[in-house]
Amino acid sequence: MENTYLTKKDVIQINEDTFIVTFNEKFKFDEGQFIMIQTPSLTRKPFILGTWKGNIAVSVQIKGKGTNYIVFQGEKFKAHFPLGNKFIPPAGKGIVISSPTCITLANLLHEKYSCDVLIGSKSKINFELPFESVIGNEDFSKKIKTLKTYDWYLVSGSKQMEEFVLSNIESKNVFVSLEEYMGCGIGACKSCAVFTKEGVKHVCTDGPIFRRDIL
C-alpha cells in the first residue's frame, strides 16, 4: 500500500459524462483492487483500477467538483493504492458486464483472462471498443437475457444495472463489484459497511468484489 503522487498522462472521453484517465506511473496491483485519489477539498474518491492501451487507468464519471477536477483540471494527484482484494475468476469462460465507469477493469480482465465483455451505456460511446457494447436500457435488457451459458459472471456498474443483471442470471458463479461511499479506503471509517448473509462486511477491506450468494 502506497501513499504517493500520480501524474495524469491522458484523458479519453467514453460518452457524455464518463472519461478514462491514464497515468504516467507504473505500479503493481491486482485485478479488482482500487485507488483513492485526493481532491482539493481533501476528500478522497475511490476508483477501480484497470488498464488502457498499456497504461494504468481509471474510469471517472463526472458527478461533482471532485470528479470534475480529476478529469479537467488536476495534473498531479495524491493517491493511496492499491486497496481492496484480488478478484480471481473461476475456471471456464466468463464475461464482465460493466458500465463505462468500470471499463478499465473490464479491459484488464479481457486482456488477462480472455473473457468476454459487455459494456452497457446509456449514451453513445465515442470510439470503437475492443469488445461488445450496447446503448440504452432496452437493448441492454434484451442482451442480458441471452447470456445464459457462461461459467462465471462479473457485474460492475450502477446498483440499478447490478440488480437487473442479478435478477436475470441464475448461475452460482456471479460476482458483483460494489460501489459504496468510502471515506478512507482502509476500513477505519466504516462508511462502506454492507449487510450480507455472513454479517457486516466493508467494501474497502472485504471487497470490493463479492460473490452474489452472500449478498
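Yeah, the Cβs are placed from backbone N, Cα and C, and that goes for glycine too.
Remember, TrEMBL labels are computer predictions, not curated facts.
Small disclaimer: the values here were computed from a predicted structure and weren't measured.
Some features that TrEMBL has for this protein:
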| type | residues | note |
| --- | --- | --- |
| BINDING | Cys184, Cys189, Cys192, Cys204 | [2Fe-2S] cluster binding site |
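Least crowded of the binding-site residues (Cys189, Cys192, Cys204), judged by neighbouring Cβ atoms within 10 Å of its own Cβ: Cys189. Counting only same-chain residues at least 6 apart in sequence, those with a Cβ under 8 Å from the Cβ of Cys184 ([2Fe-2S] cluster binding site) are Met36, Arg44, Ser191, Cys204.
Residues Met182, Gly183, Gly185, Ile186, Gly187, Ala188, Lys190, Ser191, His202, Val203, Thr205 surround the recorded [2Fe-2S] cluster site, their Cβ atoms falling within 8 Å of the Cβ centroid of Cys184, Cys189, Cys192, Cys204, which are themselves excluded.
Secondary structure at Cys192 ([2Fe-2S] cluster binding site), taken from DSSP and collapsed to helix, strand or coil, is coil.
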